[in-house]
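Asker: Have a look at this one before I ask anything.
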């Protein structure tokens, strides 16, 4: 007697988007052509919706009974503990729970910068004696094949399982017995749940077993849930942040060496492609401010595009189309002042432009824009005037601070004893005078 996964009369499928027979339908394994095939006969070599790989990737000519397991983290091995790894299917006894996982190398796609990026592989399960390696014995060393079986299964004989006919049988969502530990860096396709990382298997097993006992008390045919962890969004977010180097807990520090590398990278670009910032200032990118380059002052010259006020100014910047079609352009050949005299001289041209950016008071942030423009237009004139009014005296090389400052000081007259406020000892004459001052005054009545 051959077994058909998901065909047990009293079985109940998990929650989700259910089709007519109560089994989830997966877009990557459903047959759109609805070609009728004979049950019990092996499906013809035909591609699934995701098997047609114009940009690389191997072909999956057979339909798996279960949804796939997708890798989302590079460098992680696909493996299960002994006796684990066979998905649960209503109507299939434990003696037939044997087979292999087949690695499907998905296609590559073209990124925005023109590079090809290969998608990480996805694994599909096939029962022993079915699928692309139906004729291979259990345990054969094959690249892209991982063999799994339950402890009750006999791996020396093929599983008595029919091939899936996509016209009548739809894929079953992959679930595992309680306590199964999924490979780290993988998630079950369509479940939004990932493998447990630090949570103990025994704890998950005890919870699952208690839940299973309650389930058996209510309904003996309820499908047990897999021992997987909650949403993997946090894990994916941490991986992305680590890949981009933007870990919020450890802000990236810019050292002198990295700042020098950033500055050199900016200066290696053509002049019209440079973007000044903290590491490469406006003056380093475009030179000093003057009549021909009259914008920028104060903090904006130090921070460049990193200045908090710059984004609102960037709203005024013309697009490439407005620059070419809305400006007066003039091509002029200029003298090449770069390079050595013994090197071959290159022809250097300047595309000079003259245009205007028009806006009115209805523009969003108009007051702020006007404030920033007034602070930065011709700001170099105010800075030069301030420097000319109070020039800082420069110290000669080799001269210590304070030395030479007393050369131009006029010599004043020496102070008196009172000004000097010096303490001296009393003489005998001084003591005699003090005693007379203490005696009472008597009027002299003697006649002359």
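Even glycines carry a Cβ here, placed using N, Cα and C.
Here's the feature list from Swiss-Prot:
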type	residues	note
COMPBIAS	9-22	compositional bias 'Low complexity'
REGION	52-194	region 'RNA-binding'
DOMAIN	61-190	domain 'CoV N NTD'
MOD_RES	167	phosphoserine
MOD_RES	191	phosphoserine
COMPBIAS	193-223	compositional bias 'Low complexity'
DOMAIN	259-384	domain 'CoV N CTD'
MOD_RES	390	phosphoserine
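What's the neighbourhood like for these features in this structure?
Answerer: Residue counts for the region 'RNA-binding' (52-194) by DSSP state, with H, G and I taken as helix and E and B as strand, are 6 helix, 35 strand, 102 coil.
Confidence over the domain 'CoV N NTD' (61-190), given as mean pLDDT on the 0 to 100 scale, stands at 87.
Around the Cβ of residue 167 (phosphoserine), 15 further Cβ atoms fall within 10 Å across all displayed protein chains.
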Asker: Quick check on the domain 'CoV N CTD' (259-384): DSSP residue counts for helix, strand, coil, in that order please.
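Answerer: Taking the domain 'CoV N CTD' (259-384) as a whole: 53 helix, 16 strand, 57 coil.
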